[in-house]
């Protein structure tokens, strides 16, 4: 009702302004000259007045008329005292022809002075009110011109608290930390009886997609107390002082509803380090941060208010914000391990019909490094693939296809690839595959394909045998050797190389440099860490670069050590492929024929020199049939013929034929997917 009333007043004011503007433009725009009464009397006597009207006022006559002695008739007005002599002059006046004027006597204006006063100021009042409404309508987010300093925090209603702790999986320890906060709010005597103090602030830190906001929503659903939610970017806006004002208003509202919880999402937007770095001198943001520090733990205590914040950039937060008394507890929300991934998959599979062949444990093993958001997206993609084939349940084939789509993008079987490039891709991926199988400490080769997906012309999926949180020196060296396998395979097979190993070199060089500069794995330089000013990220609130803690001579030694590691790994990789040249050619020829090989087929080819039995081969072909949906989609719900892809017949590589170094090859092929780095 209040909104309808405001809209009615607003449109009424617009109507009045339009009427006023129209009346002004439609009024008599004729110019009128003010003349003295003596001049008027003289012209009247000379017969130069052709129209005349008289309007009696309090003590004078208002005389209006028109002269006829100009090229253009001129209108005039004058004032005359009300006397018998003036009345005789006016009422006996004659026009130039000697005919007495048909004198028009206008009625006297009996309007009071107060009415005239208010009539003059009403237009200004209307303009002021209209300006006020225009400003109020211009304020975003439903706020008004006089309350832009109010907090934008939203109190979560009871009916909207849908998330519970049972909806959070794969983060048992993190969930337990927050369960204590909820228990304190429900039964504070349990903790106060032994002198315990609940943390004033809890900071959730972790990579994107790990469930930090979901944990906060679960706290809101379980707490049973008022829950305020706000984003860190909602504090600072265009007006100076708004940020600090909104912080004060937020805590004032929280005090009125204590005990309560305040959740600040992406707190790094307002809690960046203060300093002279790039953007570090932002006075408005620093003022907002200072006010937040005072409200969290300042001179006046805020009892019963618990603050939960989330960020994925804890390294750039101000140290004063992280000290005990403000954020007493920091909870690291990492990506789930294999057991956590299985629990997350169970949560997201509740409303999805799964076929009997779906094994969530196997999927969890196949997806190392996936966050909770990645796993949710994976099952959603699998459901979309199943719906595309008009299936009523999600099978393992659909999930395998969804994993490939999430890792490398949709298959592009319609992409035209020349036989020469297809041959290069096949031997390149076969090189990665054979080296990965033969190395003891390398990641397990799970799948290899030459089917283009996304920007990749082919890729090999290398998965760790188990979840790990650190790597040994032999494992790092074997990883470099595996990355160089594609380039070495091209060299030993064709005698020339292509640009397809661009990403492989980038990653291999990065690992080797970290071994020397960060991990202390160089025998020549010893167990030391060398910090480079250009290696860190540039962000607001901190210096642009760190000082280099080593000399130019040491920098030269670092380059030599990195070069030595790469060359030794390259030589080792070349030795492996030359010793297993038959396996390399067999895998490459089979890839040209089948395009995709799974882990069991790869092991059988390398160790036994043949493919496994027909049962497994048929399962593989059925998987390939499911991926055909990326080429043709049945829009009209009618069955279409599956396009027949003619596979190139395996041929011995022609080493005499030169390889064209087309720069487009680099753009079309990224032979090994980055996700095999996930550990």
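Positions of Cβ are set from backbone N, Cα and C atoms, glycine also.
The average pLDDT computed over the topological domain 'Cytoplasmic' (1-6) stands at 56. If you look up Swiss-Prot, you'll see 1-6 (among others) marked as topological domain 'Cytoplasmic', on the strength of sequence analysis.
The transmembrane segment annotation in Swiss-Prot covers 7-27 (among others).
Sequence annotations record features per position, and here Swiss-Prot assigns topological domain 'Extracellular' to 28-114.
Marked as transmembrane segment by Swiss-Prot on the basis of sequence analysis: 115-135 (among others).
The topological domain 'Cytoplasmic' annotation in Swiss-Prot covers 136-679 (among others).
On its own chain, residue 209 (ATP binding site) has 371, 372, 373, 374 as residues at least 6 apart in sequence with a Cβ closer than 8 Å to its own Cβ. Residues or ranges marked as ATP binding site in Swiss-Prot: 206, 207, 208, 209, 210, 211, 212, 213.
Residue 432 (Zn(2+) binding site) has a Cβ environment of 30 other Cβ atoms inside 10 Å. Annotated Zn(2+) binding site per Swiss-Prot: 428, 432, 504, in sequence order, evidence recorded as sequence analysis.
The active site annotation in Swiss-Prot covers 429 and is backed by sequence analysis. In the three-state DSSP assignment, the secondary structure recorded for residue 429 (active site) is helix. In the structure as shown, the Cβ atom of residue 429 (active site) sits within 10 Å of 28 other Cβ atoms.
Feature annotation from Swiss-Prot assigns compositional bias 'Basic and acidic residues' to 621-642 (among others).
Per Swiss-Prot, region 'Disordered' is recorded for 621-679.
Taken from Swiss-Prot, the feature compositional bias 'Basic and acidic residues' applies to 658-679 (among others).
Separation of the C-alpha atoms of residue 206 (ATP binding site) and residue 429 (active site): 34 Å, rounded to the nearest whole number. Within 10 Å of the Cβ of residue 213 (ATP binding site) there are 16 other Cβ atoms, across all protein chains. Under the three-state DSSP scheme, residue 206 (ATP binding site) falls in the coil class.
Here residue 213 (ATP binding site) is compared against the recorded positions 428, 429, 504, and the shortest C-alpha distance is to 504. On the backbone, the CA of residue 207 (ATP binding site) and the CA of residue 504 (Zn(2+) binding site) stand 25 Å apart. In space, 504 is the closest of the recorded positions 428, 429, 432, 504 to residue 211 (ATP binding site), judged by Cα positions. Cβ neighbours of residue 208 (ATP binding site) (same chain, under 8 Å, six or more residues apart in sequence): 312, 371, 373.
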